[in-house]
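Below: one structure, written as structure tokens.
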Ligand SMILES: Cc1ncc(COP(=O)(O)O)c(C=O)c1O
């Protein structure tokens with residue numbers, strides 16, 4: 001975590017310095033070599049910035065502060081770097097996988113890019129299964145990291161079809177499915193890192209946490225950590241309104257609801273229209289200088305609705321990824 005790298009004293013062992021989430025830039029007392037960060041050690045420690053213009057009458061006039069957590073600053077460009085690193089490194093620590101193994105995942109994009117990056121660094125083969133209507137930039141990023149892509153027909157069930165195919169490939173012995181939808185290591189990433197960062201970055205002053213919901217790992221993990229610090233914190237989920245298509249977020253049919261999802265841990269839901277999310281993505285870039293994806297803008301729409309109802313609140317929301325990932329969709333034209 002940037003900004004927290006100096007927490008361990010210089011002179012730690014190389015081995016300890018390599019433990020994810022523990023080791024940072026420290027020297028080794030055995031070989032006296034300076035230890036540099038590896039790419040996966042730069043995951044997390046993302047900035048939290050205050051919005052200056054968009055909150056308007058719902059901001060300072062009401063004593064509210066709206067804060068954006070810039071997850072697009074992660075090395076593979078999204079909040080999913082945290083989950084991917086956690087799922088692979090923890091499975092490896094438990095001895096369930098080892099470098100050289102093949103990993104399989106059904107992913108709508110960001111998780112795939114993040115898994116491909118971590119797999120490349122740690123020496124795994126990565127097979128990613130995704131519907132064929134997802135943006136070209138995402139596919140290209142995954143292949144750049146060396147992953148193999150299997151594209152499934154979007155008109156035959158989208159992500160549900162992709163998830164079923166991943167499960168059947170695992171049953172045929174073709175690799176191990178990490179299953180971000182059911183994997184507690186997804187949630188744990190946010191209990192260990194994102195939640196504590198938000199708590200520290202607001203000096204414990206955060207009153208509302210708002211997140212778009214895909215696998216729900218982010219909202220479950222951050223919500224759980226923040227509530228453990230202050231049970232009064234409100235956790236708000238942004239979901240697509242009926243008919244809206246917002247990449248990365250879903251309102252899952254009952255049978256496909258993520259196993260890591262516990263609806264009772266979300267205090268309120270806001271349903272976001274596609275047009276208002278896209279419009280907000282353009283405003284985020286043009287008025288705040290934050291070039292972000294559509295689901296991030298959807299989370300901001302939800303945060304503003306919260307701000308319109310409360311006073312003297314510190315509302316933090318997640319910027320899941322960067323706008324570059326959506327250029328080919330034409331949304332910023
Ligand atoms: C663009 C985007 N937004 C939001 C999310 C939601 O994050 P989570 O899966 O932690 O709920 C995702 C997850 O894949 C995503 O890719």
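Note that the numbers count up from 1, one per residue, in the order the chain is shown.
Backbone N, Cα and C atoms are what each Cβ position is placed from, and that goes for glycine too.
Just one of 74, 85, 110 is listed by TrEMBL for the same pyridoxal 5'-phosphate site as 214, 215, 216, 217, 218, 295, and that one is 110. Residue 216 (pyridoxal 5'-phosphate binding site) has a Cβ environment of 28 other Cβ atoms inside 10 Å. Working note on the binding-site residues 214, 217: by count of other C-beta atoms within 10 Å of each C-beta, 217 ranks first.
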